[in-house]
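What follows is a short report on a single structure.
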Amino acid sequence: MAESSETGDDGSKTWNRQNTFLLIDVYNLHKEKFQEPFTKKKDIWDTISQELKAKGHHLSGEKCDKKFRDLKRRYKTIMCRNVLSGKLVDGSNKWIYFDKMDALARKGSTMTYQASSCSLSDESPGSMSSPVTISAQSHVPSISELSRRSENDLSCKSESDSLSDLDINFESTPRKKFKKSTDDHDDHSYHNDHSYHDDPDDHSLQQLLEAMLEQSKKETEILSKLSEENAKMLERLETIHKERLKVESTKAEAMLTFNALFKNFLQKNVNK
């Protein structure tokens with residue numbers, strides 16, 4: 001999906017290449033604030049919006065938040081394809097924001113992609129048994145560098161494919177996310193919506209763990225019942241064995257008694 005280049009009388013009001021590059025750089029300056037537990041994410045995005053406005057790009061905090069989510073989804077799509085294909089392919093020749101997003105993702109955090117966590121409609125699962133791990137440090141640019149970098153990036157790259165529905169958390173610690181408004185251009189709904197939702201991947205993992213725990217409990221109960229039944233069966237077999245020994249012993253005693261009586265009987269008859 002190509003970037004729009006429309007502008008209004010008071011400056012840029014829609015996303016284009018220049019303000020998208022600038023958004024990534026400004027986000028980089030405020031990245032650490034997203035890890036602060038008592039700082040509202042909405043306030044951070046409003047601050048980022050004000051810095052873009054100072055450069056002539058009039059885009060709301062909600063639009064900045066939504067745009068950056070799209071960038072993160074696209075970046076994760078490329079990284080997941082690398083994992084599924086078993087190769088580390090440079091995506092910069094296909095997506096103009098790859099280099100900046102890659103540098104941002106590498107800075108101050110360790111991200112692990114596993115084939116089991118990457119699902120792409122046009123890819124088949126690979127045979128990767130180990131994850132691809134990225135960990136590196138990069139320089140944080142100053143405000144004076146932001147606009148210059150954005151302008152220089154315009155002439156060297158071109159954007160391609162539309163974004164997928166994948167997501168990735170660039171902060172080194174997990175965070176909650178704003179619920180998306182049904183109307184991307186409704187800034188009012190953004191300021192009134194203070195609710196958050198968990199990462200769907202975390203929710204699915206929790207459900208899987210609960211199901212595995214429940215299955216383990218059932219298997220334990222079955223094994224316990226089998227052990228009890230086996231113990232009862234062994235007890236019954238032992239009782240039967242003892243009864244048979246008693247019967248055999250009684251039969252042996254009876255035979256000895258009979259033989260003794262018969263012997264006495266024969267001796268008496270011989271003497272007569």
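Backbone N, Cα and C atoms are what each Cβ position is placed from, and that goes for glycine too.
In the predicted model, the domain 'Myb/SANT-like DNA-binding' (13-104) shows an average pLDDT of 88. Here TrEMBL flags 13-104 as domain 'Myb/SANT-like DNA-binding'.
What TrEMBL lists as region 'Disordered' is 116-161 (among others).
Taken from TrEMBL, the feature compositional bias 'Polar residues' applies to 116-145.
Annotation source TrEMBL lists compositional bias 'Basic and acidic residues' at 146-160 (among others).
Under the heading region 'Disordered', TrEMBL lists 174-202 (among others).
Per TrEMBL, compositional bias 'Basic and acidic residues' is recorded for 180-202 (among others).
Feature annotation from TrEMBL assigns coiled coil to 209-243.
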Take the domain 'Myb/SANT-like DNA-binding' (13-104) and count its residues per DSSP category (helix H/G/I, strand E/B, coil), listing them in that order.
68 helix, 1 strand, 23 coil
